[in-house]
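Peer 1: TrEMBL lists these features:
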ACT_SITE  HIS76  active site, tele-phosphohistidine intermediate
BINDING   ASP79  Mg(2+) binding site
MOD_RES   HIS76  phosphohistidine
Amino acid sequence: MDEQEQTIINLIVNAGSARSSAIEAIQYAKAGDLEKAEESINAAKESVNEAHHAQTEMIQAEIRGEKTPLNLLMVHAQDHLMCALVVIDLAQEFVAIWQKIYEK
């Protein structure tokens, strides 16, 4: 596996982890454990930042004139990142809603 492929795999792994943590946050909030929900949101943000870092590395390499592969693996990686970002945004909203429900 070359360096570019490893960067793409890192993006996929970290984005997948971010998505999982965000879903976990929703589940914790629904169960009433808002502290763990917040911890899971923070974990999701850390993982998505790592994924974004991998994406930034690829963008910078392309700016330097290095060829960036446009293949199914790259498309899959970008799809994972976008899904993770959307799920994190939604998880934050769901946690906030559950927080308001439990305040009543």
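Residue 1 is the first one shown; counting continues down the chain.
The backbone N, Cα and C atoms fix where each Cβ goes, glycine too.
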Peer 1: Can you tell me the three-state DSSP label for ASP79 (Mg(2+) binding site)?
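Peer 2: In three-state terms, ASP79 (Mg(2+) binding site) counts as helix.
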Peer 1: Among all the protein chains here, how many other CB atoms are within 10 A of the CB of ASP79 (Mg(2+) binding site)?
Peer 2: 12
